[in-house]
Ligand SMILES: *Cc1c(COP(=O)(O)O)cnc(C)c1O
């Protein structure tokens, strides 16, 4: 695509183009941050109104039964399951990704401890999203059973980090900063060959790339619904456990919603069978209900088509940056190999923070991550090829005119 007209022509041929009208995007905004907070589905407003005024306002406590509130974590899990490539009754939507990491890590460590107590190492990578590393550190400190964290980095490749002392490998499928993606099947097989269980954080993968957790041999997975799944700010996360592990251990956040009979009000804990034992307590129903609006749009799209368009848009973005912003010190840190790329593109610039503030002031919303990284999320459900063209033109203009070089753009906000 050499011109904006070429992009418009590609948009007219795009089988996903009609889905854009199902999102409420503000006028004058080019939204390339759906990898961080997805856009608002149009249906969400009416659904929120229904939950608040009908289900809560009129139904009151009866709605736990009559509006299906009690079953919502499992019903939404079943709806999400096809996007993860797993059976419907192996997923729940509940709690935050960080909390769910705690639950599945505890389960994986306990399963390993019962079979191979000499395995006391958890492997992750230095470049992982910080909450993953922090939750592992917290678990190690809490357990005080001699566990340690080993981090993969430039000096320690994954193959060398794995070994007969490793209990669990915990990785993000798509890296939040670079957009690099692991081969899930190959990495899971490598870990299993070394006797480790594998947990995948799918925060930047679910809804963005086709997933086949079961076929790829994953053991556990967690992820956000507020990024590519458009569930709303802070919407509850999801958690999947492979069938063979589900009843092997009960996770330690064993609140009453994970009990076999929550309303028996027993004084003794007995875990539910299956994935329900990964719940904890009462769910934030208003927020949880919004997740369905995002899923309903995602399920209308063929995931192979979503992937094809995501790669085409990111190829176009990379090519246009290369040809039209060549005079500027931008470094692509996202792999160009399709198999190794998620659905966002990241560029380094020495003044990355200020550049992003200037772009946002011009209506192009991406985001900034340390160090010096500009992230641009390419979401096929509500962006097209002409949007990519326009985004790169704004970037080029901001760089050519040094519009970023102003005190207001150099001052850091609390959330970057
Ligand atoms: C966004 C993200 C999270 C977020 O976790 P929360 O508990 O929802 O704050 C976790 N892991 C990864 C890899 C992420 O990208």
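Cβ atoms here come from the backbone N, Cα and C positions, even for glycine.
Residue 226 (pyridoxal 5'-phosphate binding site) falls outside any helix or strand according to DSSP and counts as coil. As annotated by TrEMBL, pyridoxal 5'-phosphate binding site applies to 97, 98, 201, 204, 226, 256, 282.
Annotation comment: TrEMBL describes 227 as N6-(pyridoxal phosphate)lysine.
Of all Cβ atoms in the shown protein chains, 16 besides its own fall within 10 Å of the Cβ of residue 98 (pyridoxal 5'-phosphate binding site).
Distance noted between the C-alpha atoms of residue 97 (pyridoxal 5'-phosphate binding site) and residue 227 (N6-(pyridoxal phosphate)lysine) is 12 Å.
The Cβ of residue 227 (N6-(pyridoxal phosphate)lysine) has 29 neighbouring Cβ atoms from other residues within 10 Å, across all protein chains displayed. In sequence order, 97, 101, 128, 129, 132, 170, 171, 172, 173, 221, 222, 223 constitute the residues six or more apart from residue 201 (pyridoxal 5'-phosphate binding site) in its chain with CB-CB distances below 8 Å. Cα spacing between residue 227 (N6-(pyridoxal phosphate)lysine) and residue 256 (pyridoxal 5'-phosphate binding site): 29 Å, rounded to the nearest whole number. Taking a Cβ distance under 6 Å to any atom of ligand 1 as the criterion, the binding-site residues 226, 256, 282 reduce to none.
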